[in-house]
Structure formats: C-alpha cells, structure tokens
Amino acid sequence: MPHDGHEPPQRIIRLIAVGAGITGLLLCAVVPLLPVKQTTATIRWPQSATRDGWVTQITAPLVSGTPRALDISIPCSAMATLPDSVGLVVSTLPSGGVDTGKSGLFVRANKNAVVVAFRDSVAAVAPRPAVAAGNCSVLHIWANTRGAGANFVGIPGAAGILTAEKKPQVGGIFTDLKVPVQPGLSAHIDIDTRFITAPTAIKKIAVGVGAAAVLIAILALSALDRRNRNGHRLINWRVSMAWLAQWRVILATPPRAGGASRIADGGVLATLLLWHIIGATSSDDGYNLTVARVSSEAGYLANYYRYFGATEAPFDWYFTVLAKLASVSTAGVWMRIPATLAGIACWLIINHWVLRRLGPGTGGLSTNRVAVLTAGAMFLAAWLPFNNGLRPEPLIALGVLFTWVLVERAIALRRLASAATAAVVAILTATLAPQGLIAIAALLTGARAITQTIRRRRTTDGLLAPLLVLAASLSLITLVVFHSQTLATVGESARIKYKVGPTIACYQDFLRYYFLTVESNADGSMTRRFPVLVLLLCMFGVLVVLLRRSRVPGLASGPTWRLIGTTATSLLLLTFTPTKWAIQFGALAGLTGTFGAIAAFAFARISLHTRRNLTVYITALLFVLAWATAGINGWFGVSNYGVPWFDIQPVIAGHPVTSIFLTLSILTGLLAGGQHFRLDYAKHTEVKDTRRNRFLATTPLVVVATTMVLCEVGSLAKGAVARYPLYTTAKANLAALRSGLAPSVCAMADDVLTEPDPNAGMLQPVPGQIFGPTGPLGGMNPIGFKPEGVNDDLKSDPVVSKPGLVNSDASPNKPNVTFSDSAGTAGGKGPVGVNGSHVALPFGLDPDRTPVMGSYGENTLAASATSAWYQLPLHWKESIADRPLVVVSAAGAIWSYKEDGNFIYGQSLKLQWGVTRPDGIIQPLAQVMPIDIGPQPAWRNLRFPLTWAPPEANVARVVAYDPNLSPDQWLAFTPPRVPVLQTLQQLLGSQTPVLMDIATAANFPCQRPFSEHLGIAELPQYRILPDHKQTAASSNLWQSSEAGGPFLFLQALLRTSTISTYLRDDWYRDWGSVEQYYRLVPADQAPEAVVKQGMITVPGWIRRGPIRALP
C-alpha cells in the first residue's frame, strides 16, 4: 500500500482496535472464573431456653430445601429422659406436616428402639434399653455432599450411611426433649447460599475494564469505518468538534408516504398508550414482579416460585430493571412502562427506518400509503395480545428489530462498528430470556455481507482488527451473565431448571403451534392465533413471489431476503428454547408488522396481473380468519372480566364467526379455481390498473388487521366501561394514575371483600318459634335432613385443563386432570357441633354455634326441610353498602343459574324472605335461588344479594328440597348469615407476609410477598389464590414441593384454613380465594432461628456439590 500522510493515524487506530479487542476478549473470557464474595449463613442449636430451662425448638425453612451440610449430636443421656412409650428425639421438620417423613430427618424413640431415618430410609437403629443403660455416649448424625448417616457411638452395629440423595430437608430443629443446654447437645446447619454472591474487587475491575475495552475497540473500529469510506479519511479526527461529529446518525431521507405515515404514527402510538391503561396483563406478570420485589432482601434474583431458589441468571438483567421500578411503585400501570416504551420504539423503528430500507425512493414500499398503514395495523395486531405485560418479549421484539437495523446499516454503509454494535444489542437481547436467542438471527443472515466488507477492507484494516472487535463484542455476554454470579452457580441453576422442568426437546417444537389451536386456553385465543398465522402467510407468500419473479419493483431485494432469512432463522432458533409457550411468539411482533407492509405491497403488485391472484390472496386471508376465530376471545386471568366471548368462539346472530369465514373462504377458493382454469382460453385476464382495482388489491390485509385490532381494543374497552364501577384492570390503572401512584390505592385488594369472622354475622332465630329436636335450622318437621347428613368426602369434581397452559407442570400432549379444594372445604370429621353433627365445618365457622343439616344418605324418599325464620339485621337497607349479602354455607349438588343464564344441575335450596306483621305473625314473601360459584360438592358460600329482598322484608329462612334418590344428589347447609365484611387491604395491610400465587401477585401491588433472606424463607400468614380452575391447573402444580416451589416448606410447617371472600358487587365471580396459615409449631415454641452471617471468597469454578433437585 502506498505511504501517505494518513498512514500513521490509520495504523495507530488499527493497533488500538486490536489491543482493545484482545483486552476485552481476554477479560470477558476470564470473568466467569474470577472469584466472588459469597455470603455464608450457619445456624447453631440450641439457641435459647424456655422458661422451664429446657432447650427450645427453632424454625428455619430453607429455600433450597436441603442444607449444604448438617451435623447433629445428641447425648444418649438426653434421650433417656423421653417417655417410655414414644418420643421425638430430634427432627428437621415437624411431625404434623404434609409427608414430612418422606422429606426430613426424624429420630424417634419407642419402647424398643431409637430409629434414625432420612426421608423414610432407616440409617441406624439402637435398642432403647441399651441407650437407657448408658451403653452409648452420643448419637452423631450428619448429612453432606458425600452422604447421610448416623452413629450411636458405643453401641456396636448401630451405625449406617445412606447416599447423598437422602440429605434431609430442613425447616428447623424440632424435639420433645426436656433437657437444659448441655455439653454434647448441638446441631450445626450450613445453609446453601451459593447464589448470594457479590463480585470481588478484581472481578469488578475486570468487568469494568473489559466493558471499557470493548467500547474502545468499537469506537476504534468506527474510526476505521470513517477512514475507509470511499477510500479516504472523511474528517480530520484531530479536531475535537469534527471528531464528535463523526458519531452522528446519518440516515437517508427518501420521500415518505405523506399523511399516511403521520396517521400511522398517531394511530399506533395512541393505541399503545390506550392499551397501556386498558390492556390485558400477561400470564407471568405476577411471577416477574414478585421475583423483582424480593430480590433486595434475598441478596440475588431468586426464582421465587420454583427450582429450589435457583438464581435467574443467565437471564437476570431484566429482573434488575423491574426491581428498580418496583422500588418506586408496584402498580401495574407503572411496572408496564418498559413494555409500552418498547412498543413505541419498535413502531418508530419500523416506520422511520425499516420500511425505508426495504423500499426506498419514489414508488417504493416506504412511500406506499397502504403498506405503511398495513404495517401499523399488523404491528398492533401482533403486539397487543402478546406484549403488554412484564414478560421479556416486548424487549426481545425491540432487540430483534434494532439488531436487524444495525446489521442493515453495517451492510448499507459498510460500517463494521454498526455490526459490532448489533452484536452487543443481540447479546443483551439473548440474555433477556431463552427465546431472546432469536436476536442473533439477524447477525447470521447478515454475516455473509459483513464478511465481504471485511474482505474488501483487508488491505487497509487487516483481518485482525475487525475480527477481534466483533469477537470482543460477542464476548460481552459473559459480563452480562456473570457480572455477579460464577460459571459454577449459573451452571448449577441451569442444571436444576433442566432437571425439574418442564423442558421439551427441540424436535417437539411443533407443540408450540399446537398450543395455538387449543381452544379453551388464552394462548390459543383468536387474538394470538391471528398474528402468527398471518406472519406465516406473509412470509411464505413473499418468499413465493420473490422466487417466482426474482424481484418486485419498489422493494429492495437484499434487505427483503435478509428479513425473510431473519424471520425463518428466528423460528428455527425458537426450537431450542426449553419451553414451548405460545406467548413467546410475541418476540416476533416487530417482524410481523414489517412483513405486513411487504406482503401488502408485493401482493398488490401481483394481484393486478390476474383476477385469480387477487382471489387467491383474499381466500388465504379468509381462511386465516376462519382458523383464528375458531378460538375464544380469551385473555389471561382478571383481564377476561367483562370481555365478550371470553370462553366461547365469537358468535354473530347465533352463527359462529369461524363458520362464516370458512364458508366465504370456500366460495372464494372455488372462484379462484374457476378463474385459474379460465386462464387457458380467456383473451384478457389482467386486472385494469384503475384506482378501484388498486384499492381492492392493496387493502385486504390492512382491513383484516385493523378489524382485529379494533376487536381487541373494543373487547377490553367494553369490559372496562360496561362493568364500571366493578373491578377491571383498567379501573385499577386509572385509580393508580389519579392517585399519583399512591401506596394507598391497592387495585384488587380494595375490591375483594373478606369475612374474617363468619360467626359475627350469623343470624339469630326469631324468638317464640317452635321447632323440632334438630333445632331451628331443621324447622318443625324435616324429612330426610339430619345433622349427620353430610358426606365425609367432599372433594370437588376434577378440573380438566387442556395442554399448553402457561406455568402448568403437566403433560404437553394430553389433557391434564387435577383436583383442588380450598382448605377446609373438602369434608372430614370435626368436633361435635351444637346440634350433634360431627361434620368438619369450613371458613372458620364455630361448631358450638353453627348447626348443620344435610340429606346425604337419604335414598328412599324425597327429603325436605324448612328452617325457622331468622331475623335480618335491623335497618339492613341503610347498611346494605357495607353488608350487602345473605350467605349460606352449603355443600353437595345445588341447583343454580350462572350469570349468563346457564343452569347447574342439583337439588333445590332457596332463601325465602318474610316480614313480621304487627300481630307477630310472619308473612312469607318471595323465594330466591342462590348464586353458586362452586365447585360441587365441596363446601362453598351461596350468595343471596340483599338487593333481591323485598323492601319490607325483615326475616328470612332456608327452604331445601331433595327429591332425587341418587347417592350423588344431596345437599347440606348451615344457618344464613349477613357477613361483616372488610376489604382485603384492611385485613392484610401492606406489611403482613403473604404468598401470592403467580396469577394473583400482579393484582395485589400493596401486599408484601414473604421474603427470603440468607437462604431462609419467611413464613407467610396468608395465601392469595386465583380462581378454582387456575389454582388446580397451574398454581398447585408449578409451586409444588417436588419442583422446589414454596410448598416445599409451607406444607411442611403450616396448616391452612379458608377465609370467605367476595368480589365487590360481582357476586357471580370466582375471583379467587384467601387462605390463612397457622404454624404447626407455634412461634413461641419454635421461634425464628438466629443465623450467623459470614463472608468467604469462592473461585468461579468451585461448585461444592449439587443442590438436591429430586422428588
């Protein structure tokens, strides 16, 4: 190369790029292995003594289930103090928990032996007489990564070792020993805190210097770009202002689509802002919000609902952003700001860059009004149903688009710095979630053109500089993933998640598309089917057009082919995600909008060639609409409230919309077939290039997409307006905005009414009545109804859910059958009640004050009972706002009607109103049937709104009739009551620790999720559950103890009861339920353990054994 005055600066910049690239690459490579500061936590026992001087028990539910190591020593002399019959020497879980023997360590003594068992596997047995005689000195128990074992020191043959899989779950130390603190009595629990890490000084320096080196390398590469454009230096880089000017964004400004572009901007942005207020939430809003909220106390981003508390790394930086937002406010309208901003950014990129790149110049795609409007409509049709929540798909969609734009800029301007920046954006996108991997698709499809640029500049820049900078840019992934975690911890987290699942192999990715066709799930709704089907139609349609015609005038061939490649590669990369939820298609929303414009533009060109082409195009769209509308208009959770057709296919005038579109598609298909055969002999088949025909050729897709958008927005708007002032997401968002995000505005917690004490609202019989031996509830002469007439087994009917339900640990290829009942509603025996019943009562009803009558077992004659009259509250009409219901707790099969008029078969139970006349005689008034939200035959609260009562009514009674002799057809009931209610916010407040299930957490921003600290979970006092079906199909499965969810320690340490709840003025609604937790071992007997905190430095490759992730 000839020498000139510019060569030394060129060489210097090249050397800077090489040096910075090598530095960044090496530092990024070593960051995963660099040491971190790990917070340690240990528990030593005994910790204190009771008032009698005996050792106390302690409570310490470990998030990981098992400790890193456990060591317990019990003097044999202490064991000798236990009663001769049965006693608990020591255990790591209380005896009364659910299946605690299968999970914990239990050392039990009976009159013959002392048995040490890990997870129901016996490790050692010692004869009780030998222990009592003092033949052993101490019982030593241990569990670590090498195994679990026990040894009665001094007794031959009384020792044993089990495998490491028998390491016990620890929820504390529990014992029946009545001994003082003494030498030799000890327990040491080393909590597994491997994920609670912080970077050491050397790691911070490496991360900072590595990131700076990569940035310098990219800037140096950008300087080389400037000097190599057109073969000479563009500016004098020594001049400071000129040096700054070289980083300005230079964009071509071809003619635009005039007002259409502005209309599209206004329409899309206005719709996104409106959707931010009224739009549906996503299935993981509660999941991600809770992970973010507890991260500060936990010390890392822990998976709260599953996976034994494993870190969210390598996909954790987005949760860090959510945690920062949650520190300001947890209101949904605030937390969803990133998603809305991502949507706005996506559209602006599409309209103001992508379309210009795909079709510049006069007559090009970017100047076609219909194409621009189609892009906007298709973008909204893809964005609204998928990307309005806290899931990462909105940011992934933005990252995919931005990466493609930077790659195209690198190709168009031959600037390798843009390619390096695209690599950085792709890396950030890929670390949002597994499906973020699709961001590298644009890099792969643009790699060939970028390689050609590198080859062309080899003589001036060499190969080393650009390749090192690009490699360093890609290596930034290690800084994002391992900035505070290590290679070992991230690897362990991945191992646990793949071990626990659900994971579906890449060759089964067809299940993702199958889930779109499942009718009853929100993921198979028509609004989610439509954008995916249209994307596939557009992509393959454009592909056929380009293959057949090579190019379309006004459409840039290279960028279009790369866009097709990017989309196809993205769909291929999606196969490598471990889960196959249909909601992950939201990551393609930006590409869907772009393809809408390309398809409208390209199909308009070919549709003018023959009428057949236009007819085929319309047929394809009609078929897509038929397939899409075969799904329900369903949304997730509370977003369904008030939405038309949320659980059925859309219907117009009694006819399914899908049948209408299918019929039309068949007719147009037949027409297209006729037009095709007519081509063989017709003299003229080309469509005249008139304004009318151009309109017909260009508008089908924009009309269809706009209609779908209007349907989506209209559905949610209708629900918000028609239901007001009943609860909706829109109402909660508007209330939060009006209050300025005040913490006193608490969304659903302000509308859920609770009945903390159902006995307080119990109605009393009118004095002076005569009734039989069964009391006032049975009335004068009950036939077939008796106090014991309730089945012992009241488990509700099974819940059958279809495959593809998000956050459901069920089979992906067959229906899932599950059972779930609110605590205390599934039957059983209880203490003797006031009328001699042994029935276990639900909802906290006091058996000393609450009689029961039921017809179970009466299979020979028609059963009937009319209770005595019960006095309604005085001045009930004035207090109806605070006490709006009469409630009867009932079980069995009861006839009722849903809000839409559909009936539920059962036997008759009615409430009859009455009025006491001046002479003391009660005059019966109207009878009303109950509102019964189910499920049968479990205990539930039948609702009778007081607005149904005649104004003069002041008494009421229960009228039951069961003429059906089938053993499954019976009913039982308790006395009526007018509940004393308070809102859920008033009951729980904002400081009470609560377990909020995944589906409910985002709806209760004021409630505090129970915290995790130093690897120990805080025990919640309440649980907020979603509706019955969601609880059975999702919550109870995803949060299970086998999967490392919170049930791991909650079911072992707590018992539950259900609190009666109602959604204000929405009495037909099964909004969910609230359960109250009680410790099996009270806090005064087993206080929270005192934890000793420490700090150690751990190299990045040290694993220290696996976390036990087995059932």
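Every residue, even glycine, has its Cβ placed from backbone N, Cα and C.
Owing to the predicted nature of the structure, the values given are computational and were not obtained by experimental measurement.
For 12-34, 205-224, 333-355, 370-387, 394-413, 423-445, 462-484, 530-547, 554-576, 615-637, 652-674, 695-717 (among others), the entry in Swiss-Prot reads transmembrane segment, with the evidence type sequence analysis. Annotation comment: Swiss-Prot describes 804-831 as region 'Disordered'. Look at Swiss-Prot and you will find 808-823 tagged as compositional bias 'Polar residues'.
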Legend entry - Structural state census, the region 'Disordered' (804-831) (DSSP three-state): 0 helix, 5 strand, 23 coil
Inset, instruction - State the residues, same chain only, that lie 6 or more residues beyond the ends of the transmembrane segment (423-445) and have a CB under 8 A from a CB inside it; answer 'none' if no residue qualifies. - result: 214, 218, 314-315, 317-318, 391-393, 395-396, 399-400, 402-404, 406-407, 470, 473-474, 476-477, 480-481, 562, 565-567, 569-570, 573-574, 576-579, 584, 587-588
Legend entry - Cβ contacts under 8 Å made by the transmembrane segment (370-387) with residues that lie 6+ beyond its boundaries: 257, 260-261, 263-264, 267-268, 271-272, 275, 279-280, 282, 339, 342-343, 346-347, 350-351, 355, 359, 393-394, 397, 525, 527-528, 530-531, 534-535, 583, 585-586, 588-590, 592-601, 604, 635, 698-699, 701-702, 705-706, 708-709, 712-713
Inset, instruction - State the non-local partners of the transmembrane segment (615-637) in its own chain: residues 6+ outside its ends, Cβ under 8 Å from one of its Cβ atoms. - result: 280-283, 385, 516-517, 519-522, 524-530, 533-534, 537, 541, 603, 607, 643-650, 656-659, 661-662, 664-665, 668-669, 671-672, 675, 700-701, 704, 708, 711, 715-716, 999-1000, 1003, 1026, 1030
Inset, instruction - Count the Cβ pairs between the transmembrane segment (205-224) and the transmembrane segment (394-413) that lie under 8 angstroms and are 6 or more residues apart in sequence, then report whether there are at least 3. - result: no
Legend entry - Proximity verdict for the transmembrane segment (695-717) and the transmembrane segment (12-34), three or more C-beta pairs under 8 Å: no
Inset, instruction - For the transmembrane segment (394-413), could you work out the same-chain residues 6 or more beyond its ends whose Cβ comes under 8 Å from its Cβ atoms? - result: 225, 229, 250, 318, 338-339, 342-343, 345-346, 349-350, 353-354, 357, 383, 387-388, 419, 421-422, 425-426, 428-429, 432-433, 435-436, 438-443, 445-446, 449-450, 453, 558-559, 562-563, 566, 570, 586-591, 594
Inset, instruction - Could you name the stretch, out of 333-355, 462-484, 554-576, with the greatest number of CB pairs under 8 A to the transmembrane segment (12-34)? - result: 462-484
Legend entry - Sequence-remote partners of the transmembrane segment (462-484) [C-beta within less than 8 Å, at least six residues beyond its ends]: 14, 17-18, 20-22, 24-25, 28-29, 31-32, 36, 197-199, 207, 210-211, 213-214, 217-218, 220-221, 224, 300, 313-314, 317, 416-417, 419-421, 423-424, 427-428, 430-431, 454, 490, 1100
